[in-house]
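S.K.: Please find one structure pasted underneath; my questions will follow.
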Amino acid sequence: MGALLHVGNRNKKLRGGKLHYACIYGSAVDVISCLNNGIDVEPQDCEGWTPLLVVAKMGRADIVKILLDHGANIEARTPKGSTSLKLAAMGGHFAVARLLLEADAATDTPGHDGYTPLLNASKHGHTAIVKLLLQYGANINDQSHDGITALNFACELGEVDLAVSLLEGKANVNLPDKDGWDPLMCAALKGHREIARVLLKYGADVNAKGPQQATSLRIASEYGHGGVVKLLLDADALIDEPCSDGKTPLYAAAKMGHNDIVQLLICRGADPNRQTCTGSTALIAAAMYNRLEPLRILIDHGADVDLEDSCGWTVLSMAYFSGYPQLVQLILERRPAMMRDIGDAASEDQIEDKTDPILICRRHDLIISS
């Protein structure tokens, strides 16, 4: 909610005093008149907000200067621990932030949420205020309670100028949050290719591992950001590096149906037969999620259609029992000669394994030659 609504609601209920009212609705002359008539510069309304906190959030630089000149406490806090500088940084009020910093406001005071003015400015993409705070000595690697940094925010937002400013100021390019997300992973998740390029230029670890041991390449592959995938591969990202469950970037791309990324990874040398901790493959994942084109690409580039997962599922049985006849047709058309002669095979009643390719072929009215 904006500051006017926030403080206006209080004053409609007469929760603030005359100075609060003058700061919100009046002019600089009205505020000076109140102060010259002996009204305290530091009254709190019933929610604990001083006039300086109110006008800092509103962005009223002229009133901020008057209050500071009359001795307002620059480090007063809201009930949630926010200082005037934090409120100004959050709202993008550059002139107010500059006045407060010139008056020696503390740059790194966090609120109860753990966010400092720098973190708030970065979270909302206020690059000019970030630069200003850094000029006044703000800690560039401040972290919130969750371990989030200003650079993390810049990478999530795709704010290139902000990221460059932070990196030029020696922000730690590889500092992860408490969940393991480093700046490059944040950029990979959101698909911000230019941010990723800048991070790599400043020394980001292309093969660092985050949540569930996922790399930036694994993340970009899963979320379909082909430009980022190519950039990471060009930076020597490990193409078959698995997560903790054994799933590789190729597996993720095939599962999600990102055709261009499957093609790119295969052409760059990804192993189409790499198995997960449960024995599954990118091919089986494509069959499970009805991904026709990834299935075609994988088979045409040597994926083994006979590989089984730990439960005995092959790509053919997965496609059939998942109810995807188009996939079954494609697999059978591209499958090499059957291991057994279908014509001489046992009857269906004698085939115990209901995932047996012979049984599937018969039920599907398809016969392929040996």
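Heads up, the Cβ atoms here are built off N, Cα and C, so glycines get one too.
Because TrEMBL annotations are produced automatically, they should be read as predictions rather than curated entries.
Okay, these came from TrEMBL:
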- 47-79: repeat 'ANK' (REPEAT)
- 80-112: repeat 'ANK' (REPEAT)
- 113-145: repeat 'ANK' (REPEAT)
- 146-178: repeat 'ANK' (REPEAT)
- 179-211: repeat 'ANK' (REPEAT)
- 245-277: repeat 'ANK' (REPEAT)
- 278-310: repeat 'ANK' (REPEAT)
S.K.: Note the mean pLDDT of the repeat 'ANK' (146-178), expressed as a whole number.
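M.R.: Computed over the repeat 'ANK' (146-178), the mean pLDDT is 97 on the 0 to 100 scale.
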S.K.: Count the residues of the repeat 'ANK' (146-178) that DSSP assigns to helix (H, G, I), to strand (E, B) and to coil, and report the three numbers in that order.
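M.R.: Residue counts for the repeat 'ANK' (146-178) by secondary structure: 17 helix, 0 strand, 16 coil.
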S.K.: State the residues, same chain only, that lie 6 or more residues beyond the ends of the repeat 'ANK' (146-178) and have a CB under 8 A from a CB inside it; answer 'none' if no residue qualifies.
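M.R.: Tertiary neighbours of the repeat 'ANK' (146-178) are 114, 118-119, 121-123, 125, 127, 130-131, 134, 140, 184-187, 189-190, 192, 194-195, 198-199, 202-205, 208, 210.
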S.K.: Which bits of the chain, at least 6 residues beyond where the repeat 'ANK' (278-310) starts or stops, bring a Cβ under 8 A of a Cβ in it?
M.R.: 245-246, 248, 250-251, 253-259, 262-263, 266, 272, 316, 318-319, 322, 324, 326-327, 330-331, 334-336, 339
